[in-house]
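The structure appears right after this line, and notes come after that.
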Amino acid sequence: MRRLIPILLGSLVLSLSILVAPAASWAYPFWAQQNYDNPREATGKIVCANCHLAQKTTQAEVPQSVLPDSVFKAVVKIPYKKDTTEISSDGSDVPLQVGAVVMLPDGFRLAPQDRWSEEIKEETKGVFFTQYSEEKENILLVGPLPGDNNKEIVFPILSPDPATDSSIQFGKYSIHVGGNRGRGQILPTGEKTNNNAFTATEAGTITSIKSGKNGESDIKLKTDSGKVISETIPAGPSLLVKVDDKVEAGAPLTSDPNSGGFGQLDTEVVLQNPVRIYGLLAFFVAVSLAQILLVLKKKQVEKVQAAEGI
């Protein structure tokens, strides 16, 4: 039941965001939740890239090593130029929004809030985390969020403890990270969104351009063979053609309004055995003591030699 609570809350927040701002919300991680059991394909590609075709830089910061049963921060950085806007589904300009996915190794999960430091609480204010599914608590999602205030998203992570979970071993683990800014170009159904450049399907001459009541444009194109083709352009992209223009097949009819994109990367973290750390510290102490004793012994020998006149 406890695991269901975050999912139910996430669904509630998502539903409210769809009602309040449908244009900005439908391009985000819940599409992957609805259509894929695992957000990472066998090739290593995170499925968000199937809808967000533009590639953008995403960065991540995690500690080199962590101790068992400890809380650490995984920081996803989604850089872009401040005040960048995107087009909504009705064609209007809206602030760019961001989202992120962090795929942790088995056993790692979102840290309970009672273990968050004051610093983490401050850094995650206004951020709501959901797990990918009830069974995959090691896969965490965030978004959509206002981009200008969330170019860095902090994930508070709790490391597992091999002492209490026999399936966990000390060693190096991979973490897969994805970061997105802006809406996608393709819906899971395969349809194009209005966040695309639209091209002519065939060569011909533009014979008419009519505007619809919802901001869309209906372009009539007459081919050399006399066939008339209708191209419907949704609201948002700016037209690059006018009546009587001749176009080739594949020529752009509109600008490309997309200002976002998706990026992914892999990083690593070592689940460190504290016994090894204690052993290493003991080794350093022993070496330091040996060096000190060696210096003292050398000075003692020098004093004896000086007293004997050697």
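From the backbone N, Cα and C atoms, a Cβ is placed for every residue, glycine too.
Per Swiss-Prot, the features are as follows:
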type	residues	note
SIGNAL	1-23	signal peptide
BINDING	Tyr28, Cys48, Cys51, His52	heme binding site
TRANSMEM	277-297	transmembrane segment
- For His52 (heme binding site), the three-state DSSP class is coil
- Message: Name the residue among the binding-site residues Cys48, Cys51, His52 whose Cβ has the smallest number of other Cβ atoms within 10 Å.
- Response: Cys51
